[in-house]
Amino acid sequence: MNVLVINCGSSSLKFQLINAESEEVLAKGICERIGIDGRLTYQPEGGEKEKSEKAMPTHTEAIQFVIEALTNPETGVVNSLDEIRAVGHRMVHGGEKFASSVVITDEVKKAVEECNDLAPLHNPANLIGVAACENLMPNTPMVAVFDTAFHQTMPPKAYMYGLPYEYYEKYKVRRYGFHGTSHSFVSKRAAELLGKAYDETKTIVCHLGNGSSVTAVLNGKSVDTSMGLTPLEGLVMGTRCGDIDPAIMEFLAHKLDLDVDGVMKILNKDSGVYGLSGGLSSDFRDLTDASLAGDKKAQIAMEVFSYRVAKYIGAYVAVMNGVDDIVFTAGIGENDDIVREQVCSYLGYLGIEFNTELNKGLRGKETELSMPGSKVKVFVIPTNEELAIARETLELVRK
Ligand code: ADP
């Protein structure tokens, strides 16, 4: 069964067509600058990447171009729309309403809309993607896969903030967590590598990308994660500050004469390793090059990043009263050997024997990074959120 996986943002739309049984990617690409002018990048498996300018006033035209590319007689990968049997949509925020993926119905769309408040930039865009697909494929089943769903197993002691209880009751202010699809996918694979049943493992997943989060997965369930009501909490990220003293907001507002939006922009877009490195870059490839060349701010940015990851790992070992394995995934986790070494340098007390030699230069490949006798294992496991969405979609559509 071919599943079209859609990740729809406000002005972009990423897609992959996946044969969900063989798990083969047939084609992938991205529509960018939707509502501005429009650009399609399309790549069939084993073929050349094609870029074209196309007018995309709305997401409906974008999906139309995606379908045209997928069914193109020369470079397409299917003969007709009928060969796309289901669509899996990445949804950012399911609030407390969705603890698993669901087949999209009118009721589901309404419930997602009710979560718009919690993710005002993402959820409306996700719903626009759903509507655009429905326009063009009215009879194709669609599935919603939520970033927050995996974390709905967190207990109240992990998700409640130390704020007046009524804000939780009235406005649902609590911790939700994100990257759930990735944390779930990677922790399941880690259990296979450990050779243990998923519901008998204690795993800490470090999803380190542009946005980064750490999750404690106890017996196959998320029991705590570092992101909160929004993705701003937790680790120091590319441009997001992560955990800070909330009083800094008032302090900066006064110093810089800013309103709330002005301060939030600083915390979301000007901070993290980008801000720490003095605006050098949010990309760890640039920071690594600069660090190795002796740039002090770049060195500090990387050290702060790794230190925060190690602190969360320590906290989650306490939360689970132990740990079997620690997993690195996403852009930085899969590729940055310096960050992995820095993080693991704090973890000797856990009984981790880190294979420094094997770690050097290792990029994007599933690998055990701990020594054979290490009490706690360390793995690099590449994440694959699109494949996870295709799997969930296949399972639900088959039912
Ligand atoms: P997202 O999906 O959140 O946009 P990714 O998981 O793709 O992010 O991670 C992107 C980040 O991964 C880049 O900003 C960069 O910091 C880091 N990255 C990618 N490749 C490498 C590499 N070879 N070495 C170090 N860091 C890398």
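Numbers run from 1 along the shown chain.
The backbone N, Cα and C atoms fix where each Cβ goes, glycine too.
Quick look at what TrEMBL annotates:
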- Asn7, Glu385: Mg(2+) binding site (BINDING)
- Lys14, His207, Leu208, Gly209, Asn210, Gly211, Asp283, Phe284, Arg285, Gly331, Ile332, Gly333, Glu334, Asn335: ATP binding site (BINDING)
- Arg90: substrate binding site (BINDING)
- Asp147: active site, proton donor/acceptor (ACT_SITE)
- His179: site 'Transition state stabilizer' (SITE)
- Arg240: site 'Transition state stabilizer' (SITE)
Near Asp147 (active site, proton donor/acceptor), meaning Cα within 10 Å, which of Lys14, Arg90, Asn210, Ile332 (binding-site residues)? Arg90
Neighbourhood of ligand 1 - recorded positions from Lys14, His179, Asn210, Arg285 with Cβ under 6 Å: Asn210, Arg285
Just checking, which of Asp147, Asp283, Glu385 (recorded positions) has the fewest C-beta atoms within 10 Å of its C-beta? Asp283
Nearest to Arg240 (site 'Transition state stabilizer') by Cα, among Lys14, Arg285, Ile332, Glu334, Glu385 (binding-site residues)? Ile332
Inter-residue C-alpha distance, His179 (site 'Transition state stabilizer') and Glu385 (Mg(2+) binding site) (nearest angstrom): 9
Since the record lists His179, Arg240 as recorded sites, which of them has the fewest other Cβ atoms within 10 Å of its Cβ? Arg240
Of the binding-site residues Asn7, Arg90, Glu385, which one sits closest to Ile332 (ATP binding site) when you measure Cα to Cα? Glu385
From Lys14, Arg90, Asn210, Arg285, Glu334: binding-site residues whose CA lies within 10 A of Glu385 (Mg(2+) binding site): Arg90
CB within-chain contacts under 8 A for Lys14 (ATP binding site), separation at least 6: Ile6, Asn7, Cys8, Lys28, Gly29, Ile30
Which Cβ among the binding-site residues (Asn7, Asn210) has the fewest C-beta neighbours inside 10 Å? Asn210
At a 10 Å cut-off from the C-beta of Leu208 (ATP binding site), count the other C-beta atoms across all protein chains. 27
Taking DSSP as the reference, which of helix, strand or coil describes Glu385 (Mg(2+) binding site)? helix
